[in-house]
Amino acid sequence: MTPCRAFLSASRLAGALVLCLALGLALAGPLPLRAADENDWGMVIEALRRQDQIVHTRLEEFKSRHAAEAAAEAEALEQLLRERARLALWQATASDPWEIRDVLAGFARLRREVARLAQQPQQVWASLDQSVLALETYKDRLDDITRQEVPERFRQEIEPSRQAIASLRESVAAARDAVADETSTLRDLAGQVAKAEAALQANLAASWKAYYTEIFPSPVSASFLQALSQNLEDWDLWIGLCGELLRTRHNQRELWRGAATGGGLALAVLAAALVVARLSRRGVQASVNPGTIVKAGGCVAAGVFFLAVAQRAPFFLFTGLSSIGEILLTASLVHLSRLRRPSEAAPPRPPILWPTWRLFALGLLLEAVRVPEVFMGPILAVVLAVAAVAFFKRRKATPRRQRLDRAITTALAFLLPLLAGLALCGLPQTAVLGASFLFYVGLALRYAGLTTRFLDHRETDRHPAKPHLLFAVAAAAGYPFFFLTYLFLFLWLLSTQFGGENVFLELLTTETHIESVGISLKKIASLLAGFYATRAGMALAAAGIAGVAARRRDIERGAKSSLLTINTYGWWGLYALFAMSVLGLSLTSVAVVAGGLSVGIGFGLQTMVNNFISGLILLFGRSVQAGDTIQLGDATGVVKEVNIRNTEVLTTENATVFVPNSELVSGKIVNWSHRDPSVRRDIGVGVAYGSDTGQVRELLLAAAASCPAVLGNPPATVLHWDFGPSTLDFRLRVWLADVAGAVTAACAIREAIDRLFRQAGIEIAFPQADLHLRSAPVLERLLDSHLTGTRERLEEHAVRLDDLERKNRRSEKTAGGPQEEVPHDPDQ
């Protein structure tokens, strides 16, 4: 509503209030029901006469003011009716969803104007109702006066007041009729606007679908030139029509008012950006780039300016101005993605967002200004092909350690040629939509990384020596959670190209039924968000459990692992219930599935369910916990983890044994560290007979005291266990602090015993036995015969060696020098 129109409506309301005030003054006068004499009646008649004059004066002023206000309001209503006719004409000729979007914006503005204009008649109607009530009260009082014994001449003087009241009642009735007519006209106009908006909204989704699936002639088709000529004529006609409408005084006035409003908002945003940049220079956040804040603030200010102008400008400029605003706002998001200064040691990052933003901005501008599709396709094909080549080169230049940037550039290098092919084949709108989607995906990836790094740095700076709680949550909910959050936020921004959030919500809620289960994008997004929120809750609870376990040393070592396992399965159980609620699975269907599973359990799943129930018993009963040392048959090992299905045990030979939980619950196991990790060990030693037993006892106790793993309470004891065949048997009984180090501690005690016994000269006896040998005559004869034969062979070999030596000497003399000795086989 314009300020002039608001002033006129307010004046009209003031006139009605003045009329009520005049009637109130008339009623507030001294109107006694009885008069004592003629002087009293004279005073009553004089008061009535003065009040009638006041009422008539106020009524004439109200009529004159109401005539002027009615003329102004009639002009405003006429302007709204002309705007409605113009929108109806544009609605009838709208051929694409962009024009439908413009018409919807115009109808929304018209609806707001009609609602504001209809508020004042409603208030005036209420004031007139009060006036009617006051007139009726005034009339009743006059009737009471006339029913008294009034002198005749005074009765004739009261008659003008009765006539004045009748005249006032007629005036109020006429005013009520005029207000009713005006309200009826506004109500009819509001109904027409609502009906037109509903029709446009119903056709918008189908219009977008047809718009993005319609195939236009490609440059190689025979009808390309004819379609191009026709589209250029239509474009020129559209531009001419917009220019003609823009030259009207009303549209120019609205445009300038929108520019003034947008300029004020833009200046405020820019001033705020400058203040933030200045504060960042003074603060300790040296990693923040103030220049980036100023650039982002400038883009936001410019975007706010165009969006504000779009709200007040003529409706046919809404799409173009709002598209420019959206482009500038996304540019500010790209600036903010590089808010933190890169470290000097960090390698340079390849430009990814700015090239994709340029593609997004180009496509949106081409669509907003209604460039003919047959002309838009070749332009987009060339630009997308050049961008694909550039990204392919950046992919080769990107270091392999920058995996995310390399993956994005690789995807763009292979996807942009496909979009270029779509644009060249007559689907330029689909190519623009794909380029916009790729830009928003890249933006969401970058902001997800920034968020996780920000939480990490924030928690590290606040608590350098403590576990990073926020980072644990960020790592669990993690990068995918933030990516999906930003992606859906940016897709909502993208949905403004489809006519606003209503179309976006319609796309989210469209379901595909698989038997009795409905699947939609909204449900999938809810399941994904719930999944990562569950992981975040698990990480938060696990961090709390770890913090409590670190502060309280009296907590059993296995309690932490059991609580973590229960925490994990508890959160996943809650997520399962949440998923069932989202998918709409009823308890009846779950009961049917459970009934089918019961049959399977009876046949083939009995062992699995038995292990599952046994795992729950172990987790809550805590008879076996992580860290316990248990004995399974002849093997001894440490429990690493108690799962729902089995228990993981690491033996002393470093072998992992997976023990079914049902065996641990139903079978017999030895838990060496249940509730108390200390253990008793007996070390046996035997000394020679004749050793000093008192000294042996003292040395054994000294050996136990030298080992730090031996507990002082209960104290170590020495037992004279037995008299062995060749030793005095003693046993050193000690209590060790932890069964896990029992073998090492026993080894150290034995080494100490050996050292102390050597120093004291105490012999650790070994088994002794006497062996008696007797010689037999037969054996002597056999030995003599064997020795005789051996002696004869040795003499023969000696003779042969002497002969060979003599031959060698003669050969050397004959040849004049030494010759190589030929080995002689003794058996020859």
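Glycine is no exception: its Cβ is also placed from the backbone N, Cα and C atoms.
As annotated in TrEMBL, transmembrane segment covers the listed stretch 430-448 rather than the other ranges in 12-30, 430-448, 734-752. Per TrEMBL, the stretch carrying the note transmembrane segment among 190-214, 315-339 is 315-339. The stretches the transmembrane segment (315-339) and the transmembrane segment (430-448) are in mutual contact, each linked to the other by at least three Cβ pairs under 8 Å (pairs 6 or more apart in sequence). Away from its own ends, the transmembrane segment (288-309) comes close to residues 255, 258-259, 261-263, 265-267, 269-270, 272-274, 276-278, 280-281, 321-322, 324-329, 331-333, 335-336, 338-341 of its chain (Cβ-Cβ under 8 Å, at least six residues beyond either end).
Residues 212-213, 330, 333-334, 337, 352-353, 356-357, 359-360, 363-364, 366-367, 377, 380-381, 384, 404, 408, 411-412, 415-416, 418-420, 422-423, 479-480, 482-487, 489-491, 493-494, 497 of the same chain lie 6 or more positions beyond the ends of the transmembrane segment (430-448) yet place their CB under 8 Å from a CB of it.
Under DSSP, the residues of the domain 'Mechanosensitive ion channel MscS C-terminal' (685-764) split into helix, strand and coil as follows: 35 helix, 20 strand, 25 coil. Within the model, the domain 'Mechanosensitive ion channel MscS C-terminal' (685-764) shows a mean pLDDT value of 87, rounded to a whole number.
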